[in-house]
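Undergrad: Checked TrEMBL, it gives:
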| type | residues | note |
| --- | --- | --- |
| TRANSMEM | 12-35 | transmembrane segment |
| DOMAIN | 24-107 | domain 'TMEM205-like' |
| TRANSMEM | 47-69 | transmembrane segment |
| TRANSMEM | 81-99 | transmembrane segment |
| TRANSMEM | 119-142 | transmembrane segment |
Amino acid sequence: MIKNTCFYWQAQFKVSLILALLLMVLGYVVTPILFASFNERQAGEFAAVLFNLIAVVTVLLLLGLLVIAFKLRLVSLKTHWSAGLAFMLMLSLLFYFAPEMASIKVQNSMQNLRESLDWPRFAALHGIYQLGYLVVIAMLILQTWQSRKMIEKSCA
């Protein structure tokens, strides 16, 4: 059991760190390059595909970690609240906010979105999405730190 526990915390550390880095690179390096290189509509469509892809990967990996922790009886509010919050928040971004923004884009595909009556709603949803995305990154960084502490306890 101790070996499984140690392996779990090491896996959680690596997965959380890699996800946090991927989300940061996509959101704060790749996306600005897309918007600098392509017109706004093309960049936005491509960025949306990338964000949906990384959201699905994040949800699946966090769900897998939480299921394994549950099976190993390691789940506790103290050690998994940040992973649980990141998981639930990413689910809401993926299944509520992203489809709502995509729907607004489709409804306004023949005109400039910024000039439409839907622009304030789109801008508000986009702002909430950005904030949620940043919180997910923060929760993953916190989960990495918590995992590191658990590695020191359980693998010594």
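Each position is counted from 1, following the chain as shown.
Including glycine, each Cβ sits where the backbone N, Cα and C put it.
Just tell me what is around each of these and how deep it sits.
TA: Same-chain residues lying 6 or more positions outside the transmembrane segment (47-69) and placing a CB less than 8 Å from one of its CB atoms are 8, 11-12, 15, 19, 22-23, 26-27, 30-31, 34-35, 75, 80, 83-84, 86-87, 90-91, 93-94, 98, 101-102, 133, 136.
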Undergrad: Do any residues of this chain, six or more beyond the ends of the transmembrane segment (119-142), have a C-beta under 8 angstroms from a C-beta of it, and if so which?
TA: 16-17, 19-20, 23-24, 27, 51, 58, 82-83, 85-86, 89-90, 92-93, 97-98, 100-101, 104-105, 113
